[in-house]
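Asks: Just passing along the structure, written as structure tokens.
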Amino acid sequence: MRIAILGRPNVGKSSLFNRLCRRSLAIVNSQEGTTRDRLYGEIRAWDSIIHVIDTGGVDQESTDRFQKQIHQQALAAAEEASVLLLVVDIRCGITKQDEELAKRLLPLKKPLILVMNKADSQQDLQRIHEFYGLGISDMIATSASHDKHIDLLLERIRQIAQIPVPSVEEQDVVQEDELPSEEAAISLHAFADETLFENESLSQEEASFLEELVAQTATPAPVDRPLKVALIGHPNVGKSSIINALLKEERCITDNSPGTTRDNIDVAYTHNNKEYVFIDTAGLRKTKSIKNSVEWMSSSRTEKAISRTDICLLVIDATQQLSYQDKRILSMIARYKKPHVILVNKWDLMFGVRMEHYVQDLRKMDPYIGQAHILCISAKQRRNLLQIFSAIDDIYTIATTKLSTSLVNKVLASAMQRHHPQVINGKRLRIYYAIHKTTTPFTFLLFINSNSLLTKPYELYLKNTLKAAFNLYRVPFDLEYKAKPARKSN
């Protein structure tokens with residue numbers, strides 16, 4: 001079931017959306033027009049998921065150049081949803097915009113709840129009777145900012161959705177056999193023939209240390225959910241246009257003015273039976289360019305989108321040089337260790353430029369670009385868009401592939417036989433064995449005799465060996481180490 005939240009500007013729609021979804025997904029600000037696109041969230045309750053759509057404020061008398069598109073997005077959400085919430089400001093009484101919206105929504109013959117928001121006091125509640133004139137019989141007074149009567153609204157939504165209330169026995173009870181079990185401890189003996197130095201026996205102390213560490217190491221199973229893909233870039237590079245072109249519909253408002261997108265917009269899409277969630281983000285600006293709190297929150301939300309996504313699509317403008325913002329975003333993606341693809345948009349404007357030469361020059365402009373997958377596309381002409389799905393799938397397959405312990409150890413054993421670690425104070429680095437610890441982020445864990453024997457050049461050598469062996473050129477990964485505790489002196 002889908003619920004659409006509609007209303008004129010600044011009546012608290014985004015605050016209500018955040019309360020229902022229990023997350024700050026929509027930017028909340030007293031400035032009118034803060035929300036422009038359709039923003040999607042979820043109510044997770046009663047063992048069910050209800051999808052919620054937040055829309056921009058509809059004001060047909062506004063001179064805002066985005067108002068026509070906001071109006072279209074709101075009406076599209078009303079058509080898409082099965083339940084409608086018309087939000088009004090109880091303190092203002094009925095306005096002309098409220099009346100116009102009610103007239104548009106009532107003929108849709110869908111369950112319609114009038115949410116009289118901002119009922120912060122008992123005095124506000126005395127104005128409920130003023131709204132009978134809208135002709136909507138289902139009415140609930142709320143205060144989203146103070147979390148008042150949201151439970152009543154949720155209960156009404158549950159009734160409309162005909163979701164049964166779980167029995168007391170079913171609520172908040174976790175059966176013992178349903179508790180997540182830790183993965184079985186990896187037996188040291190199972191890998192006795194896979195240690196990197198097969199001909200060297202372990203001392204009893206080393207064996208005990210190794211067995212204890214292995215038993216504590218578990219790798220979580222990959223989550224079965226849609227793949228999250230965030231489109232990142234500085235303002236006006238065409239992020240929203242790319243999503244609209246991929247989906248073949250106007251899901252995100254576009255304009256030539258930088259900063260059109262303010263919220264992070266999650267758009268679900270299925271391609272070749274695979275589920276994706278595209279996250280359209282606000283453009284990341286230079287700090288000096290951020291003029292108000294709404295733009296600051298948008299930039300902050302861009303970083304949050306990077307942190308929660310599976311893959312980043314960095315969108316750059318083919319007609320412009322790689323900017324400071326682009327490099328800042330690249331470093332941010334690297335800091336969060338996210339696989340990424342670089343989309344060079346507006347390629348239709350690059351007359352007489354050879355693509356391979358452009359890509360070669362681009363790789364030299366920033367070390368974080370490295371061997372990243374680069375696609376030259378045109379959202380306007382829908383050129384090379386399907387290659388985006390192929391690039392996403394390829395890189396995600398590599399990034400989520402669980403490597404066998406046997407294979408990882410054989411690769412490292414071969415590397416150490418080719419180039420032995422240097423001797424330091426009469427001792428040499430010893431790797432007992434290694435495992436592929438996690439896929440998100442991609443991490444190897446090496447059990448070694450001492451951190452002091454691992455030099456930076458040799459660590460880089462090991463990392464490059466793993467990168468080449470497992471084709472990790474486009475997947476950021478880390479090496480972690482567990483060293484044997486130093487012997488206690490008597």
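Quick reminder: no glycine exception, Cβ is built from N, Cα and C everywhere.
Taken from Swiss-Prot, the feature GTP 1 binding site applies to 7-14, 54-58, 117-120, supported by sequence analysis. Among the features that Swiss-Prot reports, GTP 2 binding site is placed at 233-240, 280-284, 345-348, with the record citing sequence analysis. Under the heading domain 'EngA-type G 1', Swiss-Prot lists 1-165. Annotated domain 'EngA-type G 2' per Swiss-Prot: 227-400, in sequence order. The domain 'KH-like' annotation in Swiss-Prot covers 401-485.
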Asks: Of the binding-site residues ASN10, THR55, VAL58, ALA119, which sits closest to THR281 (GTP 2 binding site) by Cα distance?
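Replies: Given the candidates ASN10, THR55, VAL58, ALA119, the nearest one is THR55.
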Asks: What does DSSP say about THR281 (GTP 2 binding site): helix, strand or coil?
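Replies: Reduced to three states, the DSSP call for THR281 (GTP 2 binding site) is coil.
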Asks: Return only the integer: C-alpha distance in Å from GLY7 (GTP 1 binding site) to LYS239 (GTP 2 binding site).
Replies: 27
Asks: If one measures from the C-alpha of ASN236 (GTP 2 binding site) to the C-alpha of THR55 (GTP 1 binding site), what distance in angstrom results, rounded to a whole number?
Replies: 22
Asks: Distance check, please: Cα of GLY233 (GTP 2 binding site) against Cα of THR55 (GTP 1 binding site), rounded to an integer number of angstrom.
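Replies: One finds 23 Å between the Cα atoms of these residues.
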Asks: Give me the DSSP three-state residue breakdown of the domain 'KH-like' (401-485), ordered helix, strand, coil.
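Replies: Across the domain 'KH-like' (401-485), the residues distribute as 31 helix, 27 strand, 27 coil.
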Asks: For TRP347 (GTP 2 binding site), what is the secondary structure by DSSP, using just helix, strand and coil?
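Replies: Looking at the DSSP assignment, TRP347 (GTP 2 binding site) belongs to a helix.
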Asks: Can you check what DSSP calls VAL58 (GTP 1 binding site), collapsed to helix, strand or coil?
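Replies: In the DSSP reduction, VAL58 (GTP 1 binding site) maps to coil.
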Asks: What's the CA to CA span in angstrom from ASN10 (GTP 1 binding site) over to TRP347 (GTP 2 binding site)?
Replies: 39
Asks: Report the nearest neighbour of LYS239 (GTP 2 binding site) in space among the binding-site residues LYS13, THR55, VAL58, ALA119, comparing Cα positions.
Replies: THR55
Asks: Report the mean pLDDT of the predicted model across the domain 'EngA-type G 2' (227-400), rounded to a whole number.
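Replies: Computed over the domain 'EngA-type G 2' (227-400), the mean pLDDT is 80 on the 0 to 100 scale.
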Asks: Can you see whether DSSP assigns LYS239 (GTP 2 binding site) to helix, strand or coil?
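Replies: The residue in question, LYS239 (GTP 2 binding site), is helix (DSSP, three-state).
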